[in-house]
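Below is one structure, written out as structure tokens; the observations come after it.
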Amino acid sequence: MITSQTPITVLGAGSYGTALAITFSRNGSPTHLWGHNPAHIAQMQTERQNYRFLPDVIFPEDLHLESNLAQAMEYSQDILIVVPSHAFGEILIKIKPHLKAHHRLIWATKGLERNTGRLLQTVVEEQLGTQYPLAVLSGPTFAKELAQGLPSAITLAANNEQFAREFQSRIHCSKGFRVYINSDMTGVQLGGAIKNVIAIGAGISDGMGFGANARTALITRGIAEITRLGISLGANTNTFMGMSGLGDLVLTCTDNQSRNRRFGLMLGKGLDAQMAMENIGQVVEGFYNTKEAYLLAQRQGVEMPITEQIYQMLFCGKSAQDVAISLLGRACKGE
């Protein structure tokens with residue numbers, strides 16, 4: 001029987017993986033957090049906090065640290081992957097020898113496969129087969145606020161309704177962590193990935209001093225781009241008005257806790273991409289997602305002007321000023 005006391009294993013000890021592990025443990029699920037760096041895991045075990053990524057948030061008693069992947073997966077039926085999108089394929093290769101028939105896979109990674117633009121669900125099914133229940137967690141949740149126990153809400157989409165309801169009942173907490181079920185895995189994955197690209201655009205706009213009107217226009221036209229792409233892939237339009245669509249987009253475009261927004265701000269103020277990423281010091285998912293989103297839009301024949309212009313800036317040397325001119329100079333059209 002699945003209960004809130006059933007263990008969960010989280011793979012990925014960065015800021016977001018740690019925050020989710022803290023949340024699950026605090027909500028009553030014995031949680032095992034695995035990281036690829038044994039020294040980092042040992043440090044967290046000693047200090048009972050992730051000083052590198054989430055300083056001053058003390059771990060609950062039922063949060064266990066693990067550097068042995070096989071052992072970490074042995075503890076739990078439910079395996080939650082929280083690694084950067086560029087490392088997603090690699091972690092699938094690592095876990096494959098340790099998967100058992102009873103395992104169920106969830107990921108909170110927001111992105112598309114590097115160099116192909118494929119949905120992560122497609123990558124999972126190709127590498128691991130279609131026999132496992134799969135789910136994705138996505139929504140407007142900054143790691144620090146989540147770890148601090150501040151009120152948050154998130155979307156859970158799964159390919160198995162029973163699995164979705166069981167996992168929802170385990171991690172949902174009425175004290176401040178609300179989990180909404182959505183059956184549209186495609187839409188939930190796309191919203192989480194491409195909002196990072198639009199957030200870079202919002203940051204660039206603010207960095208150039210264009211103001212709140214321009215930022216709001218980018219958010220609004222950004223959700224239109226995401227929705228068009230989603231429809232071309234069979235997603236439900238309503239998904240993009242929910243937590244994993246508009247909710248995550250607004251959060252990421254408007255708050256400086258977002259690395260993607262901060263990255264864009266630096267670009268708008270004249271820094272190059274390499275220097276901006278070095279200043280942030282952590283993975284900027286939107287940098288990689290921009291190329292993949294552009295490739296995916298090209299394959300699908302979907303017009304995504306904001307995404308295309310950010311791609312031109314990051315990978316083709318176009319200036320922020322020329323990007324702005326291109327977007328503002330587009331022909332008149334209906335909304």
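The first residue you see is number 1, and the count goes up from there.
Backbone N, Cα and C define each Cβ position, glycine as well.
Taking the Cβ of K195 (active site, proton acceptor) as centre and 10 Å as the limit, one finds 34 other Cβ atoms among all the protein chains shown. Residues or ranges marked as active site, proton acceptor in Swiss-Prot (evidence: sequence analysis): K195.
Per Swiss-Prot, the feature NADPH binding site maps to S15, Y16, H36, K110, A143, R259, V283, E285. Using a 10 Å Cβ-Cβ cutoff, V283 (NADPH binding site) registers 18 neighbours.
Cβ neighbour count for N260 (sn-glycerol 3-phosphate binding site): 26 (other Cβ atoms within 10 Å of its Cβ, all protein chains included). Annotation comment: Swiss-Prot describes K110, G139, T141, K195, D248, S258, R259, N260 as sn-glycerol 3-phosphate binding site.
Distances between the Cα of K195 (active site, proton acceptor) and those of the binding-site residues K110, A143, D248, V283 are shortest for D248.
Cβ-based neighbour count (10 Å, all protein chains) for S15 (NADPH binding site) stands at 22. Secondary structure at V283 (NADPH binding site), as computed by DSSP, is coil.
Here the Cβ of A143 (NADPH binding site) has 22 other Cβ atoms within 10 Å, regardless of which shown protein chain they belong to. When the binding-site residues G139, T141, D248, S258, N260 are screened for a C-alpha within 10 angstroms of the C-alpha of Y16 (NADPH binding site), the residues that qualify, in sequence order, are T141.
Local packing around the Cβ, expressed as the count of other Cβ atoms within 10 angstroms, is greatest for K110 among the binding-site residues H36, K110, R259.
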